[in-house]
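Chemist: Handing you a structure now.
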Amino acid sequence: MARTKRTAYKSTGGKVPRKQLVIEAAGKSAPSTSGMTKPHRYRPGTVALREIRPYQKSTHFLIRKLPFQRLVREIAQDFKTDLKFQSAAIRTLQEASEAYLVVFLESKQHSNLARMYSQNKSFPWLEGKRRQPQPM
């Protein structure tokens with residue numbers, strides 16, 4: 001037989017399906033699994049943490065610059081009209097507001113995670129209302 005050249009292909013890394021053993025017809029039957037398998041589910045919170053990680057690594061603003069600038073100008077008009085802002089001032093306001101939001105949401109996240117792990121399905125603002133004495 002003549003030798004021929006073969007091109008190398010990268011392996012896809014997939015597993016080769018195993019051959020099914022032939023079961024003898026002596027009364028033994030294979031368990032029927034009708035192809036129904038459960039979908040893979042991650043533990044609660046795993047997917048949320050995976051979505052958070054890119055935002056933790058990044059250093060850019062999470063709020064878009066122009067909508068934030070419009071909001072700042074709109075709020076400032078309530079106090080005084082015809083105000084002008086330097087771009088550095090708006091950038092500083094945006095950094096401060098995002099830092100505040102991150103701290104605020106982190107504290108809420110920790111309380112929500114603690115509530116999730118304790119399996120307590122109550123809400124703090126409702127508990128405060130329950131503790132108040134009812135007027136007679």
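Here the Cβ of each residue, glycine as well, is placed from N, Cα and C on the backbone.
Grabbed the feature section from Swiss-Prot, which reads as follows:
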- LYS5: N6-(2-hydroxyisobutyryl)lysine (MOD_RES)
- THR7: phosphothreonine (MOD_RES)
- LYS10: N6-acetyllysine (MOD_RES)
- THR12: phosphothreonine (MOD_RES)
- LYS15: N6-succinyllysine (MOD_RES)
- ARG18: asymmetric dimethylarginine (MOD_RES)
- LYS19: N6-(beta-hydroxybutyryl)lysine (MOD_RES)
- LYS28: N6,N6-dimethyllysine (MOD_RES)
- LYS28: N6-acetyllysine (MOD_RES)
- LYS65: N6-methyllysine (MOD_RES)
- LYS80: N6,N6-dimethyllysine (MOD_RES)
- SER87: phosphoserine (MOD_RES)
Chemist: Sort out for me which one of LYS5, LYS10, LYS65, LYS80 has the most neighbouring CB atoms within 10 A, since those are the modified residues we care about.
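Modeler: Answer returned by the neighbour count: LYS65.
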Chemist: For the modified residues listed here (THR12, SER87), tell me which residue's CB has the most neighbouring CB atoms inside 10 Å.
Modeler: SER87
Chemist: Tell me the Cβ neighbour count for THR7 (phosphothreonine), meaning other Cβ atoms within 10 Å of its Cβ, over all protein chains shown.
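Modeler: If we count other Cβ atoms within 10 Å of THR7 (phosphothreonine), we arrive at 4.
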Chemist: Measuring Cα to Cα, how many angstrom lie between THR12 (phosphothreonine) and LYS5 (N6-(2-hydroxyisobutyryl)lysine)?
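Modeler: So the alpha carbons of THR12 (phosphothreonine) and LYS5 (N6-(2-hydroxyisobutyryl)lysine) sit roughly 21 Å from each other.
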Chemist: I'd like to confirm something. Which of the modified residues, THR7, LYS65, LYS80, has a Cα closest to the Cα of SER87 (phosphoserine)?
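Modeler: Going through THR7, LYS65, LYS80 one by one, the Cα closest to that of SER87 (phosphoserine) is LYS65.
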